[in-house]
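According to TrEMBL, the protein has these features:
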ACT_SITE  Asp10  active site, proton donor/acceptor
ACT_SITE  Asp12  active site, proton donor/acceptor
BINDING   Asp10, Asp12, Glu170, Asp171  Mg(2+) binding site
BINDING   10-12, Trp26, 45-50, Ser53, Lys77, 115-119, Lys146  substrate binding site
Amino acid sequence: MSRFKAVIFDLDGVITDTAHYHYLAWKRLAESQGVHFDHAFNENLKGIDRMGSLDLILASSKRAYTAEEKLALADEKNRHYQELIATMSSADLLPGAVRALDVVRAAGLRIGLASVSKNAFTVLGRLGITDKFDYVVDAATIARGKPDPEIFLKAARELGVAAEDCLGVEDAVAGVASIKAAGMFALGIGHPFVLTQADVVITSLNDFNLESY
Ligand code: G6P
Ligand code: MG
């Protein structure tokens, strides 16, 4: 039996590799503003919400932007992104993702999704896994993005489970920080040298199980 009562998953980079689509959309936007954008910079944006990401990108621009201009640029990036995710399907699920969700379900634990992406419902629908979750946080209702614990705490509250009984699953440094700040056990997906705050790090959900932690 697991010592947890709920597992709360991040979406991008954990269940599906939308990071590449975010990369392509941000690159197109950044280059339209004369800002260099590469994979290394994209790493800094993992788990960071849309406006926060835009601010990081525009920090290396020569000009200043008004709040209105920033909103227009964020909308433009989102249009590029939505074009890219429109063709997603269950083929875009990362290896082990469905198995992990099924393992948690079979163990009788609650399942939540805590993504700061305002496109999370669309992506889940394209992947065909919406009904595998008991609760999906609506990012539009979250005031503070990761690394703030707000989103994981909201998921736990809505699932009716105490934070200390939750296992959070994340691929981003900011996301792991959010889980730890919420007082949960953090399972990192990626590399232990990067996700230094995680309690345990595995390479992918292929290695997920509930017995080891
Ligand atoms: C996730 C991704 C970020 C992205 C954020 C907001 O956290 O890891 O790269 O910026 O969601 O996504 P959105 O779809 O709302 O622009
Ligand atoms: Mg992520």
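Indices start at 1 and increase along the chain as displayed.
Note: Cβ is positioned from N, Cα and C throughout, glycine not excepted.
Features per TrEMBL, on structure.
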| residue | record | Cβ within 10 Å |
| --- | --- | --- |
| Asp10 | active site, proton donor/acceptor | 28 |
| Asp12 | active site, proton donor/acceptor | 23 |
| Trp26 | substrate binding site | 23 |
| Gly47 | substrate binding site | 26 |
| Arg50 | substrate binding site | 22 |
| Ser115 | substrate binding site | 28 |
| Lys118 | substrate binding site | 14 |
| Glu170 | Mg(2+) binding site | 30 |
| Asp171 | Mg(2+) binding site | 26 |
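Comparing Glu170 (Mg(2+) binding site) with Ser115 (substrate binding site), their Cα atoms are 10 Å apart once rounded. In the three-state DSSP assignment, the secondary structure recorded for Ser115 (substrate binding site) is coil. When the recorded positions Asp10, Asp12, Asp171 are ranked by how far their Cα is from the Cα of Ser115 (substrate binding site), Asp10 comes first. Close contacts with ligand 1, defined as a Cβ under 6 Å from any of its atoms, occur at Asp12, Lys118 among the recorded positions Asp12, Lys118, Asp171. Ligand 2 lies under 6 Å from the Cβ of the following recorded positions, listed in sequence order from Asp10, Asp12, Lys118: Asp10, Asp12. Take the mean position of the Cβ atoms of Asp10, Asp12, Glu170, Asp171, the recorded Mg(2+) site; other residues of that chain with a Cβ within 8 Å of it are Phe9, Leu11, Gly13, Val14, Lys46, Gly47, Ser115, Val169, Ala172, Gly175, Ile189. Nearest Cα neighbour of Asp171 (Mg(2+) binding site) among the listed recorded positions (Asp10, Trp26, Arg50): Asp10.
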